[in-house]
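I have placed the structure first, in the form of structure tokens, so that the comments after it can refer back to it.
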């Protein structure tokens, strides 16, 4: 087996193993209802994590996505409450805004040569601030179209439901996998993650790729915000705090190297599933407190980093004699 | 000596100018801003308030500066603050003496630093992920210690650290002033600072030239952990309780920002602790100023983001390059001044 598939395989194995352990203890966890809920509950995180995967593959980081999700939710709630435009038009409008916002951050990162960490941190303040300016209250969304969208689902055998947002997340992951491995843009992202100087020498358009990566992340954060507003039926400027960390964690657990250049979008999906599984297990158990989620995820993160280190060391040793 | 003073002033000039502009701007909108008065042997006033409120971020920024100078970053400081606040609260409520409590708390902070340091220096993990582990898990650990509740205490000794005063200054200010001076002296009056900068510029080259990099790296993270522990005790003492959920939340970002506003590059190398302290005070002054000047608090974050972007754009290499024709004489003069020191 190729070495680059090792982290991904390990992630999938750990997921299957832990799921098997969960089922051994609580047989009900095998039901399609649990799987359907796993998809629905983590839809917004998953969509945002696809964008984060591209950013991290390119060697960058995007701290603004949680704030962008909150902004999107508040924007939709306020627009739908105060104007009479159709939600679909509002969706299109907000996606344009968040995409431009991401593109602007990408442009600043590239043209002013500033670290992505700091630029997206300022972006996080800005997006959260814009959300506050729109409304500091939690604004409910009562538009009938939302109820229609929420009632759409695909029924699985066994009573589980794949809701619209759960299905959307799977579609976004499929699209992400296609973009990463079957388009020129995807190849450029991997090249950029391998090293900016090398990428430039290979003829990768560094400027436009960087801008597009962050624009994509902004677009997906906006989409994630729409999903989040469907999920909660409200817009609140303090919502989705720390989602960027959950997304980064999912990406790392999914086997993507934080240094960039190596990893898979599909791995992120498994990373999301593992996080969701831990939460589901804690809900099933009922006696464990929610803070165990954080500790367990922290430990998992540590285990995966060690695993990646080991693989890199192995591959280096393997390469030297050749 | 005069040349040393001048070097320091040139280094700190942008931060001093920024701080002056912000303070002048606030005092124009809010006339009573610069007033200071003495009550019960303690100075009161908005300026003192800025120094006092800024104490946790200033402390974090001191440790963060050294970590960033080694080309690292410490995302876990907020979580370490929460852990240490929880530890001190649970120890003092279970009847331990103040000295024991403080000693154990600081030791826990150091332990967190050693953990981060080993991950970075020995296991060779990228600092941003290595410290992410403790950032994610730390808050859970803190909640485990407080058992999910907010642990309150009323030990006068511990509360004194948060709200007492010494020599007319609030205790937190005294603590960060003394600690900052101590760290600056240790780092600058010995070769340590230079070695830290060497590691930050090129870790491999420093190792080859005989610098014992692992110990130096671990020491940097230990310092950061210690700073976070002190900040955690102050934050807990200030509200007379340990809140595992909110203590130090997002302060790591403020601390990193303070270091960047202070002009230390995130790419490691040359650093200035005084500049980072000024950076932290600038951020706190912006916060306090926005509150005082009667802007709706909703605009708080936007104004903060705008000011930060402005300062960062001024510091960006591209922007500086565009203006090199203005600053060539100074830029050429700088290295020699530095060497003269």
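Cβ from N, Cα, C; glycine included.
Curation plays no part in TrEMBL annotations; they are all automatic predictions.
What you are looking at is a predicted structure, and each value in this text was computed from that prediction instead of being measured.
According to TrEMBL, the transmembrane segment annotation covers A:46-76, A:88-110, A:116-141, A:162-180, A:213-239, A:251-278, A:290-307.
Long-range neighbours of the transmembrane segment (A:290-307) within the same chain, counting only residues 6 or more positions beyond its ends whose Cβ lies under 8 Å from a Cβ of the stretch, are 7, 10-11, 14, 249, 252-253, 255, 274-275, 278-279, 282. Beyond the transmembrane segment (A:116-141), the same-chain residues lying 6 or more positions past its ends with a Cβ under 8 Å from any Cβ of the stretch are 55, 60-64, 66-68, 70-71, 73-78, 80-81, 101, 105, 108-109, 214, 229, 233-237, 244.
Sequence-distant neighbours of the transmembrane segment (A:213-239) (same chain, 6+ residues past either end, Cβ-Cβ under 8 Å): 40, 43-45, 47-48, 50-52, 54-55, 58, 60, 62, 64-65, 68-78, 91, 94-95, 97-103, 105-106, 109, 120, 128, 131-132, 134-142, 146, 149-150, 164-165, 168-169, 172, 189, 192. Among residues of the same chain six or more beyond the transmembrane segment (A:88-110), those with a C-beta under 8 A of the stretch's C-beta atoms are 60, 62, 64, 68, 71-72, 75-76, 79-80, 116, 119-120, 123, 127, 145, 206-207, 210-219, 221-223, 225-226.
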